[in-house]
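Noted in TrEMBL for the protein shown:
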BINDING   CYS16, CYS20, CYS23  [4Fe-4S] cluster binding site
BINDING   CYS60, CYS153  [2Fe-2S] cluster binding site
DOMAIN    1-227  domain 'Radical SAM core'
Amino acid sequence: MQIMLCAISNIASGNCSEDCKYCTQSAYVKTDIHKYRRKEISQIVLEAKIAKKNEALGFCLVTAGLGLDDEKLEYVCEAARAVKKEVPDLLLIACNGIANVEQLKELKKAGIFSYNHNLETSKEFFPQICTTHTWESRFQTNLNAKEAGLMLCCGGIYGMGESFEDRISFRKSLQELQPFSSPINFFIANDNLNLKVPKLDVDEALKIISDTKEALPQTVIMVAGGREVVLGKRQYEIFKAGASAIVIGDYLTTKGEEPSRDIVELKKMGFTFASECH
Ligand code: SF4
């Protein structure tokens, strides 16, 4: 089986105006995360080279914040062009919040392949998780990305206290969007966050993956944040459950598995790594 590896670069971190309860980048939360307005372009290119060395096919440029303004858009485009020039065979993903069609077309012109904007959870549960923007604005951005001719990467977070019905409703919305790839994150508790919920059970997490694959058979199901913390020793069972992609290395604000360990383990299990997108 071939799996796709993606790496993330948090190119603008923290101080976000929004109040998403699961996120330590929110200005509503007191945290000790590293905050910066811009990562040096040379550093982003270096990270892209490391990602390539670690067998990644996707490389995601993430900015904290509600969405894009002209300055941020230009910065993401500059980063994309620089990475494309130095590491041309990486597929670039941008994750920059709410965006309109024109902005997304600019990203595409700069070499972005896919736009990541998660719905995060169901329409019904979202107001309990965030009050500063709407679920509908997230859905619309996904439609905008499609209209701009970008591939779509859209998923969310499980284990925030949502009900079984919420999970079904969330997946129905994903079915409407039919994303190319869908990241599944598992919520990780943090002392600084007000969201206090028990950690998901391993079997429940694996069931979420198989239910998602069943709902989205054409979509690449990617397991992202929470893989190590929630699944622990059983983390590589995700592929049997229906996942065919993972995020390697560190996440936005939390440590991930050492890429080298993932690569060794996955090779031992007979997996190969995708070098192009089908
Ligand atoms: S908009 Fe994004 S960066 Fe800001 S708090 Fe929400 S999830 Fe975090």
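Along the chain as shown, the residues are counted starting at 1.
Just so it is clear, glycine is given a Cβ too, placed from its N, Cα and C backbone atoms.
For the recorded site, CYS23 ([4Fe-4S] cluster binding site), the DSSP three-state label reads coil.
Most buried of the binding-site residues CYS16, CYS20, CYS23, CYS60, judged by other Cβ atoms within 10 Å, is CYS60. In this structure, CYS153 ([2Fe-2S] cluster binding site) is part of a beta strand by DSSP. Same-chain residues at least 6 positions away in sequence with a Cβ under 8 Å from that of CYS153 ([2Fe-2S] cluster binding site) are, in sequence order, ILE93, CYS95, SER114, TYR115, ASN116, HIS117, PRO179, PHE180, SER181, SER182, PRO183, MET222. Close to ligand 1, meaning a Cβ under 6 Å from one of its atoms, are these of the binding-site residues CYS16, CYS20, CYS23, CYS60, CYS153: CYS16, CYS20, CYS23. Model confidence over the domain 'Radical SAM core' (1-227) stands at 93, taken as the mean pLDDT rounded to a whole number. For the pair formed by CYS60 ([2Fe-2S] cluster binding site) and CYS23 ([4Fe-4S] cluster binding site), distance between Cα atoms is given as 18 Å, rounded to the nearest Å.
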